[in-house]
Amino acid sequence: MDRINKTFVKEFILLGLSGYPKLEIILFSLILVMYLVILIGNGILIIASIFDSRLHTPMYFFLGNLSFLDICYTSSSVPSTLVSLISKKRNISFSGCAVQMFFGFAMGSTECFLLGMMAFDRYVAICNPLRYPVIMSKVVYVPMASVSWLSGGINSIVQTSLAMRLPFCGNNVINHFLCEILAVLKLACADISLNIVTLAVSNMAFLVLPLLVIFFSYMFILYTILRMNSATGRRKAFSTCSAHLTVVIIFYGTIFFMYAKPKTQDRLGNDNLQATEGLISMFYGVVTPMLNPIIYSLRNKDVKAAVKYVLNWKAVKQLRPKGNVSL
């Protein structure tokens, strides 16, 4: 009898803000502009971190990874969101939903670890400056970034496979902009206790653990800065940390709202609450990646100089005659 009620879902329908058509047009324009800023801003940061020798340090290596991650994450979700907003095509295939969920969860998990490692890098640079080149050598920070990507990918494979193996009993309407894991779990017509447990473990490993590293790193950094005799040294130390700390506050403030308390099927909430959660999820998915390059560019002199160098280099290359190959 159970098998009769369990029909295979071939596609999902993403509601988004279908009840607010005028708001959808405004949202389409905003998201499109933000997406272009994300591609340009993060792209310039990646190019600058590669070609400017001043940025060949662990801190900017992690920043380059963060920029690449932001481009990957938004490119896996924003184009489909824009299409659904402008064309009213709200259906997404089962496999497409799984791919979107995988990339969203993988990029989010990886970013948590990267932010934690960036905080540790700042701790070593400020609290142990003489040992910094040894502790944060290339043979150390490259594997650190690799572990972030690998662990984020593995975590996402586990969460996505557990979510998409569930029966949905023909209920395929997702009250969200994206195939977000919590929104999909609400459609399942089976016990999701295992999913809740694995999400809780994932939250501990990818949210709480990096946050503890960030917290204690900045406690030691603050203690070291307050003991500095030079006001210039204190100002410089604060400026190198302020950009990262701002990004951490924005990122964790949003992601904790969505994932810190996994919801069961019984806590469906009303439509307004789910619409609000969808908008906050969109904030996390678009606004945060857009702000990252802006924050780091405004608060960091090295990044400013490198960005100017890249832009000037592009301008000179465009003005140079095609036949002139002299340096």
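Backbone N, Cα and C atoms are what each Cβ position is placed from, and that goes for glycine too.
Summarising the annotation, TrEMBL assigns domain 'G-protein coupled receptors family 1 profile' to 41-296.
Marked as transmembrane segment by TrEMBL: 25-48 (among others).
As annotated by TrEMBL, transmembrane segment applies to 60-78 (among others).
Using a Cβ-Cβ cut-off under 8 Å and counting only residues 6 or more beyond its ends in the same chain, the transmembrane segment (98-120) has close neighbours at 59, 62-63, 65-66, 69-70, 72-73, 76-77, 80, 92, 141, 144-145, 147-149, 151-153, 155-157, 159-160, 163-164, 178-181, 184, 202, 206-207, 209-211, 213-214, 217-218, 244, 247-248, 251, 255, 285. Per TrEMBL, transmembrane segment is recorded for 98-120 (among others).
Residues or ranges marked as transmembrane segment in TrEMBL: 140-158 (among others).
The transmembrane segment annotation in TrEMBL covers 204-226 (among others).
As annotated by TrEMBL, transmembrane segment applies to 238-259 (among others).
Sequence annotations record features per position, and here TrEMBL assigns transmembrane segment to 279-298 (among others).
Note on the domain 'G-protein coupled receptors family 1 profile' (41-296): mean pLDDT across this stretch is 84.
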